[in-house]
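Asks: My structure is below; once you've seen it, I'll send some questions.
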Amino acid sequence: EWDRWLLMGLIGTAVGMLGFFIHQIIDSLIKLKWDLVENYLQVSKRNNLYLLTGQDGNIHMTWLCALGFGLAMVVLSSGSVLFICPAGSPSGLPEIIGYLNGTSIRHLFNIKTFLGTFVSCVLAVASGLFCGPEGPMIHLGALLGCGLSQLQSDTLGIHLPIFTRFRNSADKRSFITAGAGAGIASVFRAPIGGLLFTLEEVSSFWDIRLAWQTFFCCLMATFTMDLLSSSFCGFVYRGHFGFFEAEKRILFWNLLDMNVLAFIPTILLGMLGGLLGALFVSLNIKINKLRMWFFNSIPKLSLRKTSKLLETVLILMRTTTCYIFTLLMFCISPHLFLCVAAAALLVENGKQGIAYLFKRGTHEEFGYASLCTALAFYFILSCWTAGSAVASGLVIPMLYTGALYGRIVGLILVSIFGVQTNEYGAWIDPGLFAAIGAASFFSGVSRLTISLTVIMVSMLS
């Protein structure tokens, strides 16, 4: 069995490297976009009001710059899945689950699908759409599991004479399962979470040997991702190779004494997550049915694909317009911190925004207005984005949406009981309830329980 374990290690390492490259490219593109936009932004104080204005007072240049950069990326993202690899749209996870349960899907594991999904995922997330790279990472991990285990490609004409004993349906599905688990493990740095995710969500055929091998694959993916991320930021070497900084991975790295009273708002957040999760799924099903009806009514294939591309352009225009002009509204304020808080929620990428919401000891950093506005935008626009013609995932929007209403509940408790500094009231912290709310909405939409708990614990402690 040494060759099977070797392949599992190689697949995990490859998935970890791929996850590193995806996140570095996304962060670099987002930084480039906002570096360009900042050239047209300035915050000035007039008549005791902090005003966000564009260069020479023209805020419309800010909107045009952000929109133009985003449109270029979303057109390429949508075009790559519509005209190059239709199997890469939108996330690939349902197709992976279907394949592992006996459904044959054409072009699901070829090189065109891999390249198209990679390009579409990176550009969709960086463009400003309310989506994340998690679903495509599962698909890409499964693709690497398939390709590295079979070592043959009809497209490239490659048929290597090694590991030939794994060229059968059963072993192929095992490596695809391990690759999918490594994909989710590399995103959240949670190897046990990746293993449980494949057990709970992906595969229907399981044994203890596959469990240990999948865990090893997930462990290698997480280790490789952390090792590379320890010394590179935006592809710039910053030293400290192999030094894993706890504060960069762990959001709640100080322990919190808990009171039994904390379970009351926790139960309410769980119920709210189930209700809002059901509403999200129901709305998304209705949107996708309407989307399918409209596109199927177009007889010509080229016009149908063009219409799907135009829909993604429309979604991006709505998204960019919402957060730019909402940011402008909050920055017409006598308090600069309202402008900063709105910028943190609406302008930063989703991963950074979640870190802000989870931050402990920031009881009054975000107000009701900015949290409720961001919640409405994220809920509606992420529901609309899910299922559009780009390779994207829903995990970041789910965590962000749940964190927003969890933070609101925490802020309500602070308004009632005040900011508590004693050890008995330390649990009244909006950052804590943001994390609980994120888990509740994620669970309400995905109906995951055990693997989600492990993933959240890996993220937070």
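One is the number of the first residue shown, and numbering goes on along the chain from there.
Glycine is treated like the rest: Cβ placed from N, Cα and C.
Curation does not apply to TrEMBL; its annotations are automatic.
Model, not experiment: these values are computed from the prediction.
Pulled these from TrEMBL:
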- 6-26: transmembrane segment (TRANSMEM)
- 63-89: transmembrane segment (TRANSMEM)
- 109-131: transmembrane segment (TRANSMEM)
- 175-199: transmembrane segment (TRANSMEM)
- 211-237: transmembrane segment (TRANSMEM)
- 258-283: transmembrane segment (TRANSMEM)
- 323-347: transmembrane segment (TRANSMEM)
- 368-387: transmembrane segment (TRANSMEM)
- 399-419: transmembrane segment (TRANSMEM)
- 431-460: transmembrane segment (TRANSMEM)
Asks: What parts of the chain pack near the transmembrane segment (431-460), using Cβ distances under 8 Å and only residues at least 6 beyond its ends?
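Replies: Sequence-remote neighbours of the transmembrane segment (431-460) are 184, 188-190, 192-193, 196-197, 199-201, 250-252, 256, 262, 265-266, 269-270, 272-278, 280-281, 354, 357-362, 394-395, 398-407, 409-410, 413.
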Asks: Please work out whether the transmembrane segment (109-131) lies in contact with the transmembrane segment (211-237), by counting C-beta pairs under 8 angstroms that are 6 or more apart in sequence and asking whether there are at least 3.
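Replies: Taking Cβ pairs at least 6 residues apart, the transmembrane segment (211-237) and the transmembrane segment (109-131) are not in contact, as fewer than 3 fall under 8 Å.
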Asks: Going through 6-26, 63-89, 368-387, 399-419 one by one, which has the most CB pairs that fall under 8 Å from the transmembrane segment (258-283)?
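Replies: Between the stretches 6-26, 63-89, 368-387, 399-419, 399-419 has the largest tally.
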Asks: State the residues, same chain only, that lie 6 or more residues beyond the ends of the transmembrane segment (399-419) and have a CB under 8 A from a CB inside it; answer 'none' if no residue qualifies.
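Replies: For the transmembrane segment (399-419), the sequence-distant neighbours (Cβ-Cβ under 8 Å, at least 6 residues beyond its ends) are 130, 265, 268-269, 272-273, 276, 280, 345, 350, 353-354, 357-358, 363-364, 366-368, 371-372, 374-375, 378-379, 382, 425, 428-442.
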